[in-house]
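Listed in TrEMBL for this protein:
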- SER138: active site (ACT_SITE)
- ASP292: active site (ACT_SITE)
- HIS322: active site (ACT_SITE)
- 60-206: domain 'Alpha/beta hydrolase fold-3' (DOMAIN)
- 248-325: domain 'Alpha/beta hydrolase fold-3' (DOMAIN)
Amino acid sequence: QGRILEKTGLCSQISFGRYVRQGRKLGLDPKLFIQDLQFNQVPVRVYQPKATSDGRRRGILFFHGGGWVFGSLDTYEKVCRYLSRESDSVVVSVQYRLAPEHKYPAAYEDCLSATQHFLHHTEHYGVDPARVIVCGDSAGGNLAAAVSQTLAGRSDLPKLRAQVLIYPGLQALDFNLPSYHQNRGVPLLFRERAAFFALLYLNGHAMHMKEVLEGSHIPPDMRLKYSKWVSPDNIPEKFKVRGVKPLRRTDFIAEAYETVKRFCEPNLCPLLAEDSVVHQMPESFILTCEYDVLRDDGLLYKKRLEDNGVRVTWYHLEDGFHGIISLYDYCGFSFPSGKRGLDSIVNFIQSL
């Protein structure tokens, strides 16, 4: 597999991508105490407000975006500082292992492990164990949803207070939902890249990408089983007005399914969890962007949560595109819509 990556020039491509996205080192923050630690051998960065607090603070576990392939503590430094300062919360940013070097379930296991450690040690950080939130952006939103589902049934740990999912990617069954066609060429996430990242996370390589994009990687009976949850029929009509191209069904290719069948595991694709699990989810916040291939993943999960009696706060950026939250203040550029999105998250957190 390593050789495949080298031959296709992928390794250098990924190294370069990581270098470009690594983020600038920021100076000290007058309002925050920031330290790099390890939770169960997983590197984390902890942000604690310096001001004295009347009681215990909220705790936020933050899982960064970057398609499970890119991203680091430094990339999301500004976002985490902003969340900690503005919501007066302790933020723990998690540096999970990245694909393709570390395939699924490495990233998920690291996020779960760091979250469990934090839930066991909240008092050490002045955090109220009843007010711990998981929050993730893009691939991090996927990880937050998966961790939330895993912890739902655990009686030995405090229950999570909420989950915050920022344009999350939640399924790899259907790359032909309306938002995938409408926004297939919209930066920062093209339709092909979304499938490419999901495959790198799953297998460490992107073989069978054509089959995954056209939908021939899932057996007809399974497609039918999941169609009650993953279907354009569950997306409000107003999101289809920009035109939807109905997909010509392709024949199922068993060989492709053999390499990607773990796409049906909820720890990888949380939208496929059973109702009995979804029903136990904590209060949820979902942010979606109109110009984002992952928009419909968020809309479908919103519906599933609501159908299962979970309280959902939904914030939709009509003028937003994928990745805009981390660009709210980027190298002198500023996207007002990204700032609005970030503030909507802060407002939600403050309400808890």
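Glycine residues also receive a Cβ, built from the backbone N, Cα and C atoms like all the rest.
Quick caveat, the model's predicted, so the values are computed rather than measured.
Around the Cβ of ASP292 (active site), a 10 Å sphere holds 26 further Cβ atoms from the protein chains shown. Across the structure, HIS322 (active site) and SER138 (active site) are spaced 8 Å apart at their Cα atoms. Separating the Cα atoms of ASP292 (active site) and SER138 (active site) is a whole-number distance of 11 Å.
For the domain 'Alpha/beta hydrolase fold-3' (60-206), the number of residues in each DSSP class (helix H, G, I; strand E, B; coil) is 62 helix, 26 strand, 59 coil. DSSP labels the residues of the domain 'Alpha/beta hydrolase fold-3' (248-325) in these numbers: 33 helix, 19 strand, 26 coil.
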